[in-house]
Amino acid sequence: MEFLANIGLGFSVALSLTNIFYCFLGAFLGTLVGVIPGLGVLAAISMLFPLTFHLEPTTALIMLAGIWYGTTYGGSTASILLNLPGTPANAVTCLDGYPMARQGRGGVALFMTTVASFFGASFGIVLLTLFTPVIADYALRFGSAEYFALMLMGLVAASTISEGSAVKGLSMVVLGIIIGLVGMDSQSATVRFSFGVMGLLEGVSLIALAMGVFGVAEIIMSVRRVRTADIDPETLRLKAIKPSRDEMRRSWFPMLRGASIGSFFGTLPGTGPSIAAFLSYAIEKRVSRTPERFGNGAIEGIMGPESANNAADQTAFIPTLSLGVPGSATMALMLGVLMIHGVAPGPNLISSQPELFWGLIMSFWVGNLILLLLNIPLIGVWVRMLTIPYHILYPAVLMFICIGAYTSGFTVLNVWMVLVFGALGYAMRIFGFPGAPLLLGFVLGPLMEEHFRRAMVLSRGEFLTFFERPISAVIMALTGMILIWSVWSAEIIRRRRAARAAGDGATTHEAREG
Amino acid sequence: MTRIDYTDLVGGLGLVLTGAAVSYVSISQYPLGTLQRMGPGMFPAILGVLLAGLGVLLSLQALRRPGSRPDIRIFSPLFVLGGIAAFALVIVPFGLVPAILAITVISSLAELRVQPVSLALLTLALCLMAPLVFVVGLGLPISLVRWPF
């Protein structure tokens, strides 16, 4: 009965007029951001974050979460119509969505991905509701050693699994932690790495960092590269979006499989919606009796991934809300938002802030319902957004970033920080360093230091404590396995590439070197 | 294509320098403490060494593999970042509207092909919209126009 009471409490919070309004606003803005290629969810959340300063923390989170899952709904639109993923999680939707649009079935594809998104999200929310309290309950036993080990695992997984070189990912995590240490040390009141700037006493602004590394750097990369598309509006009339009976029949199982895959990978650190979508696509292709249709507009190829990425969006909240350990950069940003509002994340969150926790989760139902209603009749409107030229869009986005940075604390220092991190972000793009691990490290850094120090005090300076306590030892072992696996798989890829290059003939560099 | 991966070599060396600097500052300026009672310098000192180590690893990898030339632009970052700098310099002494004017015009130059009419319309729209959203709508205390002299 307590469970029902909690759900009732959640709905009473989520269905207040203010919260419905901000949920709508978040979902709406999220779809908008998702539709427009070249504007990521991290940039969007950090850009709109200053607007939530004067809100209650629950309302603020409801709105920001709406932006997060809204982008995944919207991202499929650009994938299908332009062959350009609106967000990385929708990249795989291009493979079959774009051919569908070329065959004049773009309307069907947009309609069905919205259905798949809603299905996947609902699946994820149910799991989130059931499992988060259980995990949090279990986590109440965790001490500092366990937390440090968990955060370490999250960071290692997030930086090595996702993409590119593991060394680059890890180095960005470390750099992020170091940037996170700037300012007053909470235990000794020593000011570190502030270079005499008074404003840095409170540390580097999370907002400025996220907006610089993701927003500004993205704009610099996209200027003169993003092209505006032309789309045939005829295929998107309301009549043209009705799927055939056969398409409906073939969509059920991919949706269900996608939702399960997505829910699983959403909870793990470092995987998240993009990987879930890719895996779902691979599995659909494998189980299909007609795999040759994939890539030529197979509806299974969009239903599975779109269901998977939305389920993952929701279940990503499980570790964030139950343990206070975020698995992705976006979740780290959510956690940062909580902390800025003075709410301590961790297993106590559910019992100490039941309105916030249950209200947030129940608002996901509201938000997804709004998205369902928003997307189907308004497909034409979103498509029109795609035709806004980038040279109009980016100065406006930059202006919002600057005003947002300035008004979060009313200090010009934040604007200068945006500039510095924009430059850093651009340099990172040139050298191929990923941004997400930097942000994760930045948010988790101070917490990790605190837990590390506390664990060392409790163990009298014995580093082995992380391996002697059973839970912590298991997590450390997992972390080690992830590290070894990533080094090993990188080596395999390198060998394979070298072998292929050698096979290509004498023009390759290996051959010349040999 | 280049014979070794210069991009990663430079990136790796950059990490080494950054890591070394962080460790140097933490060891020389902040108390290290002991492992049992860690001072404020200990954690960053360890991290600096870690960062430098990862940089060495990356540079060594770069020496073993061919790389491609990175696509570096000069004008895009110059005008985008210049616009932000202009905003930062203008907002306090002159107020919001001149700051919007500065950032829109300067960052638009990054396109390298100025369309005066559309730029003027965009600037006008933003100068009207931003005060409406932030000052009227959200009630934030920012002055619209100011003359400091």
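Easy rule for this one: first residue shown is 1, then count along the chain.
A Cβ is built for glycine as well, from the same backbone N, Cα and C atoms used for every other residue.
Over in TrEMBL, the protein carries these features:
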DOMAIN    A:20-440  domain 'DUF112'
TRANSMEM  A:7-29  transmembrane segment
TRANSMEM  A:35-53  transmembrane segment
TRANSMEM  A:108-132  transmembrane segment
TRANSMEM  A:138-158  transmembrane segment
TRANSMEM  A:165-183  transmembrane segment
TRANSMEM  A:195-217  transmembrane segment
TRANSMEM  A:258-283  transmembrane segment
TRANSMEM  A:323-344  transmembrane segment
TRANSMEM  A:356-380  transmembrane segment
TRANSMEM  A:392-419  transmembrane segment
TRANSMEM  A:426-447  transmembrane segment
TRANSMEM  A:467-488  transmembrane segment
Practice task
Within the domain 'DUF112' (A:20-440) only, compute the mean pLDDT.
Solution key: 84
Completion exercise
Contact set of the transmembrane segment (A:35-53) with the rest of its chain, CB cutoff 8 A exclusive, min separation 6+ beyond the ends, reads 29, 59-60, 63-64, 67-68, 71, 74-75, 77-78, 82, 84-87, 206-207, 210-211, 214-215, 218-219, 222, 226, 329-330, 333, 337, 382, 385-386, 388, 390, 393, 397, 400-401, 403-405, 407-408, 435-436, 439
Practice task
State, in range form, which of A:108-132, A:323-344, A:356-380, A:392-419, A:467-488 has the highest count of Cβ pairs under 8 Å to the transmembrane segment (A:426-447).
Solution key: A:323-344
Problem - Long-range environment of the transmembrane segment (A:467-488) - Cβ separation under 8 angstroms, sequence gap at least 6 - result: 141-143, 145-146, 148-150, 152-153, 156-157, 160-161, 166
Handout entry: Surrounding residues of the transmembrane segment (A:195-217) on its own chain - C-beta under 8 Å, 6+ positions past either end
Key = 40, 42-43, 45-47, 49-50, 179-180, 182-184, 333, 336, 340, 397-398, 401, 404-405, 408-409, 411, 413-415, 417-426, 428-429, 435, 438-439, 442-443, 446
Handout entry: Interface present between the transmembrane segment (A:258-283) and the transmembrane segment (A:138-158) (three or more C-beta pairs under 8 A)
Key = yes
Problem - Beyond the flanks of the transmembrane segment (A:108-132) by at least 6 residues, Cβ under 8 Å - result: 7, 69, 72-73, 76-77, 80-81, 93, 97, 100-101, 236, 240-244, 247, 251, 254-255, 258-260, 262-263, 266, 299, 302-304, 306-315, 317-318, 321-322, 350, 357, 361, 364-365, 368, 371-372, 375-376, 379
Handout entry: Per Cβ pairs under 8 Å, the stretch of A:258-283, A:356-380, A:392-419 packing most closely against the transmembrane segment (A:323-344)
Key = A:258-283
